[in-house]
Every structure is written in C-alpha cells, then in structure tokens.
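Enquirer: Would you mind keeping the following structure in view while I ask a few things?
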Amino acid sequence: MASAVERTDDLVREYLIYRGFTSTLKHLDSEIKTDKEKGFRVDKIMDQLQLLIQSCDLTGLKEYWANLERRLFCRLEDVYKPTVSKLRTSLYRFYLIHTVQVKNVEKTQEFFQKQALELQAQAEWRDWFSLPFIPAPEQNPSFSAYFSRQWADTFLVSLHNFLSVLFQCMPLPALLSFDSEVQRITSLQEDNEQLRQTVFALQGESRLKKDEQMVHHKLPPYVQHMDRLGDTELDLVSSQRNVNMATPSRNFFSTFLPQGRRAPGRTAPGPQSSPTQSALGRKDAAASMQSSKAKDKEVKPPSVSSMTAELSTSHPRQRRHQDHEKERKELFSKHAAQGSEKKTDSDPDTQTEAPPDQTDSANQTRVCDVGGAGAEQPFIKLSQEEYGEHHSSIMHCRVDCSGRRVASLDVDGVVKVWAFNPIMQTKATIMSKSPLLSLEWAAKPDRLLLLGSGVGTVKLYDTDAKKCLYEMTIDDVHPRILSLACSPSGTSFVCSAAAHSGAVMESEPRGSAPVSGQLLLWDTKTVKQQLQFALEPGPVAINCTAFNHNGNLLVTGAADGIIRLFDMQRYESALSWKAHDGEVYSVEFSYDENTVFSIGEDGKFVQWNIHRCGVKQSEYSLSQDAVGPFVLSGYSGYKQVQVPRGRLFAFDSEGQHVLTCSSTGGNIYRLNKAEAGLESVLSLAGHKAPVVTVDWCSAMDCGTCLTASMDGKIKLSTLLAQKP
C-alpha cells in the first residue's frame, strides 16, 4: 500500500504541474511533509513513535497515538478494540521504562501526574504507581521483565505487524486501486515474455533436433537411387565404393562445419566429377532445374559406355550381383557412420548438379554453423541486429532490470532509449546542454534513468513520460559524475564524483597522478544526499561501482588501483586492497558473490576472494583491445583515443561465461581455473571499429549480448544456450 500511495502522490503532483495549479501543489507538498501517517509506511510510523519516546515527549506521544486512533484504529471492528487497548498500554509502559533507564525522574513523575485520572481505575496500572519510589525497579520481580531487551523487541515487532496487517486490510479509494492493476498487467507482461522466450527456445531446440535426425538418417545419394540403377551403373557404384573405402572416414560433426573449417587431413575432390555423380546427374536431369542442366553440360566425365565395356569384360554378371548384395549389407550395418562417410565433398560446379538431398545437407551445415560447431559450443548465435541511431562513439550501453529496454550514451551527450523486442524501436531521445558522462537504470521503478553530467549534476529522467523529473546538484568541486549504481533493494543510489583530470577532452587518457573524488549516497525519493563514504588513504576518483543482488555490499574500483568493498548496512568500508598497477576500469560481483572480478589498466582480468582480503583466486591477461584505452585510426593521420567508461565485461545468467570487448566485436570465454586460462567459445564479430562497452541480459535459455563500438554502432546478438 505504501508504494501505491507514493506512486499516487507522484502522479497527483505531476497532474497539478501539468494543469498549472502551483498553489495547490505547494499546499500538497507542505501537507505531505507534515503527514502523520507517513504515507502509510509502517517503518516511518515506528521511527516517529520511538523518536517521541527517546525525547521523553509525553504530550507529542499522546497526540500522535490519538491521531492514529482517530484516523486508523476507528475503522476496525469492535473485536479488535482490546488489541488496540493492550498496544496503548504497552506503549505507555515502554515510555515509562525508558524514562527510568535514562534516570529522568521528572518525566517519570510527570507521566503519573498527567495520566493518574485515566489510569488509576485500571487494574493493570495499580502496581505501576509505585515505580518512581522503588530504588532499583529493574531488579524488582514485578518490573524486571519490562526492563529486558526481549520484551522491548517483542512489543515493537507486535506493533509493527499490527500496523502492517491493518494497512493491508484497509479499504482503498478508487484512485489507489490503479497500482494493483498496474502490477497485474506488469506481471502478465513478464509472464508473456517468459513464455515467448520459452517457445522461442523450444522451437530452436526442435529445429536442431530435427536437423540432427535428418543427418543421422540421410543415406548417400547413390543408395537412394539404387533401385533405378542398371547393371552397368552398378559396376560404376562398386568401383566408386572401392575408391571411397580407401579414404579416411569422417567425423559426424564434420557435416556441421563449412568447407573452410574441415580437418586438413581430408583430401578435397578434384575439379572433375566422378563417374557415379555424372551418371546420377543424367538420371535426374529431367527433375533438376535449368541451371543444373547447364552445369551438367559443362562437366565432361569419362564415357560411361567405355567404362562399362571394360568392367563387363573383366567381371561376370553374377559377380556384379554379389557385389551389389554385399554393398547393401555393409550399408545397413554401418548406419550413421556409413552415411557420413559416403557423403563426398565436391567443388562448386558439381554441387549445383547434386540431388535435392545434398542440398538439404548443405542447408543443415549452414544453420548449425551460425553458432559454431553444434554440440561443441555452449551457445548458438541465432541472430545479430544493429542499432545505428548514434553518430559518435558509445560510452555506456545498459539493459534495464526487466530486459525490455536499452539506454545508450555517446560522447556527444546524446542518450537513446530503445526497445528490441519484438522490433528495434527508439522510445526516447535525450539531448543535454551539459556533457553527460554516466548513466544507470533505477531499480524501483525501472522506468527511471539516472544521468550523470560533467558539471556536477545528476538528472532523474522518466523514460515513459519522456521528461526530466529532478536535477540534483551533487558537488561543484568534483563536477564529473563518473559512475552511478542503484541499490537493488531501495530507492538510493551511489554516485562517484571526481575533479577535473586536466585532459582537454573527456575521451583522452588521464594523467599519472590519481584524480581527487568523492563517493556519495543519494535518495531518489527525498532527492537529498544521505551519506559521504570515507575513502582511505585519501579522496580519489571512483571509476566503477557495483552492488550485489540485495544491495548489502558495494564494490568500487578507483583511479589509484584499489578495490574497496563497503558494507551498506553499516555504511562503512569493510575491505580494501591494491588490485592493479594503474587504474581499475571495471569491477563486478561473481555469480555466487563470493568473489569479485576486475579489469585494470595493467591489462589483467583478476578474480578476488572477498573472504580473504587481497587474495587472487585467478588471473588472466587480456589484450589492449579488451582493456583500453581504445584507439580508432583513420585517413590522413586521424586518431581517436577513448578511455574506458562503461562495463568492460559481463557475465551470463549462470556466471560460467564472460563477454569482453575486442577490436571487431565481442568475445565470449568460459571461466576456467587460473592455470587453464580463458577458453574462447564464441566470437560475436560484425563491428568495423573497436568495441568499448558490453552488456549481457539473460532470459530463460535465450540471452541478449550488447556490444557497442567507437563508430556509434551497437550490435545486439541473440544467443541460445545449449544444455549439456
């Protein structure tokens, strides 16, 4: 209910601004600030009650409780009135115990003076009037239980639960019921998307299985036409069979590979067709296309009649029939391996006159080659699309939490919000007067986008309404907002602000000395700074930030090469260690969140154990194409250099594979032990300029990989995960 109230308040505020009712908006804001129900947020109400108790404000406590009874408890049925009375009694006793614990005798006596008329007739308060006169009430058997921490916690939890259930059961006005409809529609859309992805994955698996079965059960072309062969042609089959037996047998998966990727041990056929192929070509000439007829005329094999005459003089008719029967037995005894063995390679000219079954086999090879060698690869690349709305180098490219939209930022400060399902379509274009350096999707709600600028401000942009909701001034001394990270569990976000680096352009490499900076915590609801983190040994620019799944941990990589791990429950640094020689460019939690991965200026891709400070679990060396700075060269000595700003690597849904940048696309590696190194499993090529940032969004068995390059092009590759 609290979220629905907050959302409704925002919508009403937006409507009043749209209508120009500024005075009404001012009254609304002032009343929201003094709202005693705190937007029906139980945690805020509990905080207010405890604040009044800790300040020993008896009058304020009575007025606040009376307001709750007048606004909330009066709507309850009579059967719940004893519960409300018991909670009020426990609240007053909680107040009294606090005054005794802080040794504020005046407040203790004041309570009994003001409440004497109301409480002296109640039997449960009869013994409590002696409380101010007992020297050590915490040791008295009548009061010792109330001084225990267990009783206080039990009371607070009971009151919290009572208010929570009350808010859930309260009848809602019609205006507030929209939130349940929005949640229901959103849930249906998510279920729809998951089912669509499931159907898509099942269709891909079904197509692969069907194609595999076709390869298993496909017979060699000469066997399919065996019934139509005459005696003379059987002799040619036998002679061709003897030639084929001398060649090494093929592996079954070689049928999935294109001609260029097959094993070098195989000898390619000559430019001249075999007698069998030419004979079959003439037998099927009536059913083939005109192009096949033309090519058949170009190929001039040896005369069939002359070869038949030679074979007939050396082999009797009975021997030919025996060879024929032996041929059939050998065929059916070696079903799958024999079928792939008898399938012969041919040059482009002879492929045109092959029967239809050979064309099907060629199609099968093409489909499986989309993702590599079929079962040998963990992913199959189903498709690759290009988004080309940007006209300069990309800095950031991120998919939102729902996996439906993408936000991309280029060096000109242009932000594009676009969808790729079911079709690629631009939803919003954001152009800022000030240069933009960073972006991040908000976790709740996921329609909001945070944009960090180079003049010390962060904008909160609504991608649905296509307008800026707020512009927060972060720091004038540290105007460059290098990194943004939203907490998955709330409305707060972490902001990294840095001083000017001294470079002429943002895309130029930074100097050797670490740049000064701050790490701040802000709230998108209150639009206020909550905290400034302490950075040891001194203030330094934080290049990258990342939360774990529940927002309890925050990992950062800085310009001084140090990785810092923060406890977000205590808002303090838990660990820090020197990770790289030079700056830390990108950092992420692993799938199980027991380790942290980082890429630094030294070209190292390192896995760190967060339970053992500074201990490397694995280390890999990457090329400059994957680390940066990225260089784009052109004609007449043109050269563009860009330092890393976005994510340099991203994991799949199970954390077993990682996507990195390269000069022509993205590379997917399998994470092995340190001594085994990174194992390349798939290359997502297609770019003509260096890729500078990547992202990987997984849904069901299908994953979407984003690779963005310096020429403004973004490639969207759809992958199908193959289950082992």
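Glycine is no exception: its Cβ is also placed from the backbone N, Cα and C atoms.
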Enquirer: If I go by Swiss-Prot, the feature coiled coil sits on one of 178-207, 628-657. Which?
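Expert: That would be 178-207, the stretch labelled coiled coil in Swiss-Prot.
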Enquirer: Out of S274, S487, which one does Swiss-Prot list as phosphoserine?
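Expert: Checking Swiss-Prot against S274, S487, the phosphoserine entry points to S274.
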Enquirer: Which of 537-576, 579-618, 641-679, 686-724 has the most Cβ pairs closer than 8 Å to the repeat 'WD 1' (389-428)?
Expert: 686-724
